[in-house]
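These features come from TrEMBL:
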- His307: active site (ACT_SITE)
- His353: active site (ACT_SITE)
- Asp408: active site (ACT_SITE)
Amino acid sequence: MAFFRGLTAVSRLRSRVGQEATTLGGVRWLQMQSASDLDLRSQLQELIPEQQDRLKKLKSEHGKVQLGNINVDMVLGGMRGMIGMLWETSLLDPEEGIRFRGLSIPECQKVLPTAVEGGEPLPEGLLWLLLTGKVPTKEQVNALSKELLARSSVPAHVYKAIDALPVTAHPMTQFTTGVMALQVESEFQKAYDKGLSKTKFWEPTYEDVLNLIARLPPVASYVYRRIFKDGKSIEADNALDYAANFSHMLGFDDPKMLELMRLYVTIHTDHEGGNVSAHTGHLVGSALSDPYLSFAAALNGLAGPLHGLANQEVLVWIKSVIEETGSDITTDQLKDYVWKTLKSGKVVPGFGHGVLRKTDPRYSCQREFALKHLPEDPLFQLVSKLYEVVPPILTELGKVKNPWPNVDAHSGVLLNHFGLSEARYYTVLFGVSRSMGIGSQLIWDRALGLPLERPKSVTMEWLENYCKNKAA
């Protein structure tokens, strides 16, 4: 279920600019809205009753429709391929890649507002899109930027909580600690303790989510400066947008780096609900845990090597290639190194995906950015060679369903080029970005009144007996 069904071409999207309203699949689509509609919360307030009715109709008319068959391989294989969750903000297609409210990444790059002409989308625009299903105007994005800035003040106790940890603690440990320290500010918890009606749960959830998103860049940049820059923090620049300000607080003001951060945050916001961090945030939130608790749990999932930590491992592996073979590595040498990695029982980080069966569009847009801004960078050239070398080798092995590069295969090289070379920190950047997708869905979870999640689990003995009885 999504607010709209998506259009077949960006030209069809753009043809609707200036139109007040169009109907797509029975759902109102506003491509551009009047400048007076600048309040995101008011926009949501109008949409929610419509979507609540839609969910009720879906349950009453189609509640008993089967969505497929479950086999033992699915149960033992991480629930892959099983449909078991409602996730409104994005949908991942194995062939097309991610779509945010029906829009692909290239479409988002063309229709979402930018900070500079012909530049990368502003993450605030994607946040608006995720929450409302509407492409915002530049005025609406600017208003949201100002609102996030107004919400971005971080209480002193948060920094004290982080400072209680050793400086050597992993950046994700320090970041998650900061999020947990923010939890004492939760509006949802305060409202729930006072006996808030279920129909109003979304309202304090909205406040928590916007506050959380706004406060993450100061917290995340504090962690970075504490670990890698002798604790010398940089004040926010109130004239900058969300991603650019984050980059500035980290210590990077190159205009190209600001554009990279806008692209990075935008493409990492959401990747439907089945991945570890999104699923965790949704699951914990289903217990009516507030957004801070839910997102902290999600971050702990993101910190795993098979999820968000992978972008850290990619850059480390790429640098190990250069250390062992030199910067002028030939294609044959690279093939030998890849085979050496695989034969040692390790994987080549940055390749393959649990759902995708083609090159990750998030990889592709980062490659386009590199071709435009840093085509001569040695690490980028090595990444390009890996794109040619690794997929055929993985295909030859015959054990990998998707031999193509994913988002992690490229992001570290771009960040490294502009001076953000501390790979241990990369997952924190991922976490800041992912707050927009997880937070948006949490708001809709509460608005739609989605229930406590309680899937059925079984033992191996139960499976064995069930299969024996089935075969008898």
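Keep in mind that glycine also has a Cβ here, set from the backbone N, Cα and C atoms.
Since this is a predicted model, take the numbers as computed values, not measurements.
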Checklist entry - In the structure shown, with every protein chain counted, which of the active-site residues His307, His353 has the densest set of Cβ atoms within 10 angstroms of its Cβ? => result His353
Checklist outcome for this item: Here the 10 Å Cβ neighbour count for Asp408 (active site) comes out at 26
Checklist entry - Expressed to the nearest Å, what is the distance separating His353 (active site) and His307 (active site) at their Cα atoms? => result 10
